[in-house]
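Visitor: Okay, here's the structure, questions in a sec.
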Amino acid sequence: MEKKRRSKWFWVFLIIFLAAAAFAVYYYVSQQKKEEVYDKLKENNKTEEPEVKEEPKQEPVQAVPEEPEAEPVDIPIDFAGLQEMNPEIYAWIRIPGTEVDYPIVQRPEDDAYYLDHTIEGAEGLPGSIYTESLNKKDFTDKNTVIYGHNMKDNTMFGSLKDYKDSAYMDEHSEVYIYTPEHIFTYKIFGAVTYDSRHIMVAFDFTQDEQYQAYLDSLSQVRNMASYINTDIPVTTADRIITMSTCNGNNDQRFLVEAVLIDEK
């Protein structure tokens, strides 16, 4: 009788073990396939830091010069191809020297959709890099909040945690955002372990007082996982982006802040 009972439990535990192993393999393979989609997109949309061209010095002339026509911007991203795959792709974010090199999406009718859907519509992690409908898609808002998962393999926004190190921030300080018409260059000025409030709801960035209150709240955070570079001045006249990711704590978010320094 005792042998039969032990044999029964052996088979129960074996079935549970095999089911768990099968699920783990399925999850891993599924995750790899989803990440391969982003790898292919990166390969097909390789970008380089835009060059800053110095204008040649000219001798002064008496006549009033005509306003030069703006040179067309060379956008290195194939937005036509991307939008054929998913018309909700509207921008691309890249931080040289990091894993951050992804399309940005927005679904106005469901802000949370891309939290757990890839740009191809596959459900589950790693999700997508996305913004919510509270932000316009032309990056003219005083603060554009960009969301992404804190993946353990450093994909998506998983590498943002490295900005807790001020030396790392200095070495990886520039962020490039591409749209079909523009290239925006930002300078990272802070990384902060913040509370979980919804930033775009908690602060009205069209009001200078509230915008300043947000900037002050970043500076007032005091913990080992936060750093603000005070050598980079940021005022309410500036436009910033906030890259927001989870922090292993439902009451906290990890934010990386960058200020616009150039627009083409």
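A Cβ is built for glycine as well, from the same backbone N, Cα and C atoms used for every other residue.
So TrEMBL lists the following for this protein:
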type: ACT_SITE; residues: His149; note: active site, proton donor/acceptor
type: ACT_SITE; residues: Cys246; note: active site, acyl-thioester intermediate
type: COMPBIAS; residues: 44-58; note: compositional bias 'Basic and acidic residues'
type: REGION; residues: 44-69; note: region 'Disordered'
type: TRANSMEM; residues: 9-29; note: transmembrane segment
Visitor: Taking just the CA atoms, what is the gap between the residue listed as 'active site, proton donor/acceptor' and Cys246 (active site, acyl-thioester intermediate) in Å?
Guide: 6
Visitor: 10 Å Cβ neighbour count around Cys246 (active site, acyl-thioester intermediate)?
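Guide: Counting Cβ neighbours of Cys246 (active site, acyl-thioester intermediate) within 10 Å gives 17.
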Visitor: Take the Cβ of His149 (active site, proton donor/acceptor) and count every other Cβ within 10 Å, whichever protein chain it belongs to.
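Guide: Around His149 (active site, proton donor/acceptor), other Cβ atoms within 10 Å: 18.
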Visitor: Which of the three DSSP states, helix, strand or coil, fits the residue listed as 'active site, acyl-thioester intermediate'?
Guide: strand
